[in-house]
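Below: one structure, written as structure tokens.
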Amino acid sequence: MTGLRRWGAGLVFLLPSILLVGIFVYGFIGKNILTSFDQVVTKSGKVRAPGGLENYATLIGDPRYQHALWNLLVLTVVFVVGTMFFGLLWAVLLERSVKGEGVFRSIFLFPMAVSFVAAGVVWRWLLSPATGEGAVGLNQLFQYMGMPWLQSSWWSAGQFNMAAMAIPAIWQLSGYVMALFLSGFRGISLDQREAARVDGATEWKLYRHVLFPQLSPVALSALIIVGHMSMKMFDLIYSIAGPNSYTAEVPATLMWAQMFQLSDTTGAAVNATLLLVIVAVVVVPYLVYTNRSEKR
Amino acid sequence: MLITRRSLLVGAAVLATAAGCSNGGGAAPSSAASSAAAGGAGGDVGVFTWWADGSEKEGLDALIALFKTKYPKNTFVNLAVAGGSGSNAKAKLASDLANKNPPDSFQGHAGAELTDYIDNEQIEPVDDIMKALGGASVFPQTLLDLITVGGHVYGVPCDIHRANMVWTNSGLLSKAGITAPPATVAAWIADLQKVKASGVATPLSIGGTWTQTELFESVLAANLGSSAYTQLFSKGGKWDAAGVKQSITDYATILGYANTVSDGDDWPAATVMAADGKAAYNLMGDWALAEFTSKGLTWGKEYSSFPLTGNGEQLFGFLADAFTLPVGAKNAGGAKDWLNLVGGAEGQLAFNLKKGSIPPRTDVPSSSFGEYQQKTMTSFKNDKIVPSIAHGAAVSLAWSSEINTAMSAFYQSRNADALQSALVAAHAKYAA
């Protein structure tokens with residue numbers, strides 16, 4: 001009786017969210033996985049999807065999908081390394097109580113307030129691949145600055161083209177990572193710095209051995225958040241490269257094409273399931289780790 | 001509450017349609033539009049388009065104004081979704097249709113692009129409406145053939161555009177000593193070289209992926225000729241033929257004279273290059289006319305245009321917009337009022353004057369239109385009609401998406417064999 005009273009109140013409060021999450025997240029994930037195993041035969045008798053695990057073999061074996069995966073890998077590596085680097089750099093600079101810290105913090109954070117789509121329209125122009133006489137955007141800027149050798153085809157050509165697609169994403173999210181690190185720095189009490197300085201530690205040693213080690217949970221969170229955003233990234237790429245870009249295709253944009261252009265619902269579901277697995281491989285160990293360290 | 005209101009509406013719509021039919025049965029075709037129940041079926045009529053901007057929006061506004069005066073009982077609900085060539089709109093529409101929540105009528109490219117909706121049983125034939133509008137007596141037979149699928153017409157055409165136009169900058173051409181438009185693709189390539197030699201860095205301007213598809217399809221049609229080109233989209237189409245290979249080679253050569261672009265670039269920037277004298281040529285549908293007009297330029301003076309041709313025949317790269325009757329439309333009666341308006345002579349005159357396209361009906365007086373549109377109307381009567389890939393007249397949405405992706409890949413790789421095998425594979429997958 002007392003048990004029910006203790007659990008009952010909590011359960012009543014939680015029930016709506018359990019139901020909503022159960023239906024709209026896990027229910028739909030389940031439905032999506034079921035769809036991914038469908039067999040599809042058109043009225044005219046053509047087999048669009050063989051059904052079962054063969055659906056997965058078909059997609060994974062498709063060179064278009066492999067190309068999209070490669071693009072995703074390049075994008076994610078450059079994007080994660082870039083945001084972590086700039087986020088940490090800015091946080092270290094601002095953390096030293098510079099004049100006008102609030103102004104700089106806002107400047108670095110503002111890009112995050114811009115939607116990916118709006119930013120994408122501007123970056124499409126900035127990252128125009130035209131060089132020489134017809135150049136616009138960054139390429140034209142480099143000419144004005146007397147550095148024409150810096151002109152690039154950006155994301156429009158080359159095997160590592162998606163590294164350029166990471167530039168706008170880094171611009172947008174470095175400020176967010178900076179904020180995470182900044183709050184991490186603020187969480188370390190001033191006594192520790194003073195104690196280290198009294199013991200004769202140089203500034204480098206102070207950061208290396210006292211402050212950075214305490215930031216590793218923050219760094220891990222930032223890594224996971226930025227990493228999974230990169231893997232799901234759709235809007236930025238779609239608004240920069242348009243609906244039919246093979247060059248800049250990643251699994252998320254391919255999924256859109258499968259769903260809305262190729263009317264291949266099954267292929268889109270397979271793609272979505274694989275994307276979920278890829279993200280889960282990164283996120284689940286992190287959740288397990290934080291769960292364990294919180295219990296400790 | 002909701003259910004009763006909806007069923008009332010449907011009831012009213014059925015009554016109105018029945019009344020319209022009994023009145024219109026023996027009437028002359030031209031009065032079909034006015035023979036529906038006086039003042040319309042009543043209720044909300046939701047019409048879905050991607051005409052949210054520029055001359056397209058002006059055309060739609062003209063239609064809406066006419067709809068209000070002709071059918072005062074109906075309330076027009078504008079469901080337009082912005083986005084070039086309807087790319088965003090089609091995604092929104094796809095989910096609305098999948099959720100069995102269709103608009104009362106929606107815009108689509110007339111022709112093969114409607115086959116996806118037909119296969120999924122999402123739209124109904126409009127044969128009776130077309131017949132009441134006058135059928136073959138007012139619509140050209142070539143057009144009816146292009147929009148007939150399995151013996152039925154599934155959309156009422158409201159405008160026709162021409163895709164295979166090359167826009168030229170007169171100043172640059174006379175500087176290069178070019179006086180007459182080329183008669184073949186090979187002659188055009190020679191002209192491009194002349195322009196290049198006269199000191200123009202980018203003789204041709206292009207835009208993002210779909211503009212490249214439009215350029216390629218025009219080269220393909222000019223090289224193959226109208227009948228071989230149209231054959232490509234049938235079940236026995238030979239995409240591995242030598243003519244296709246030659247067209248890919250020509251297309252690659254032509255790309256060599258063009259500016260560097262990214263996949264997402266829009267078409268107006270490319271057209272403006274030709275208007276501003278940064279490029280001598282730009283291949284674009286006849287909606288490009290509005291870009292030149294807005295700069296105060298006159299056709300035949302500062303700029304001109306010619307259709308890309310070959311084999312001694314004049315080609316008309318065809319695309320058209322049509323309105324459909326979705327299965328399960330809430331206000332089918334109101335939708336039919338709308339279809340009667342867009343298919344009628346009065347509606348087509350008002351709409352096409354603003355949009356810059358030409359009316360599909362032959363009984364719309366050409367004297368009201370500008371010089372360029374009049375020329376297009378004559379061409380449509382006399383030239384060979386070839387359907388456009390990029391604009392959904394020749395192939396289904398899935399097929400054209402597959403071709404666009406191949407064009408995007410080709411722009412980077414310039415691998416002719418890879419493009420040809422992708423085209424062959426797309427045909428095998430989607431040709432019905």
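Each Cβ is built from the backbone N, Cα and C atoms, and glycine gets one as well.
For reference, TrEMBL has these:
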TRANSMEM  A:7-29  transmembrane segment
TRANSMEM  A:68-94  transmembrane segment
DOMAIN    A:69-287  domain 'ABC transmembrane type-1'
TRANSMEM  A:106-126  transmembrane segment
TRANSMEM  A:162-185  transmembrane segment
TRANSMEM  A:206-226  transmembrane segment
TRANSMEM  A:268-289  transmembrane segment
When you scan the chain for residues with a C-beta under 8 Å from the transmembrane segment (A:7-29), skipping those not six or more beyond its ends, what do you find? 276
Give the nonlocal contacts of the transmembrane segment (A:106-126) in its own chain as ranges (CB under 8 Å, at least six residues past its ends). 90, 136-138, 167-168, 171-176, 178-179, 233, 235-241
For the transmembrane segment (A:162-185), what are the same-chain contacts with Cβ under 8 Å, counting residues 6+ beyond its ends? 71-72, 74-75, 78-79, 82-84, 86-88, 90-92, 94-95, 105, 108-112, 114, 116, 119-120, 123, 126-127, 152, 154-155, 211, 214-215, 217-219, 221-222, 225-226, 229-230, 233, 236-237, 240-241, 248, 250
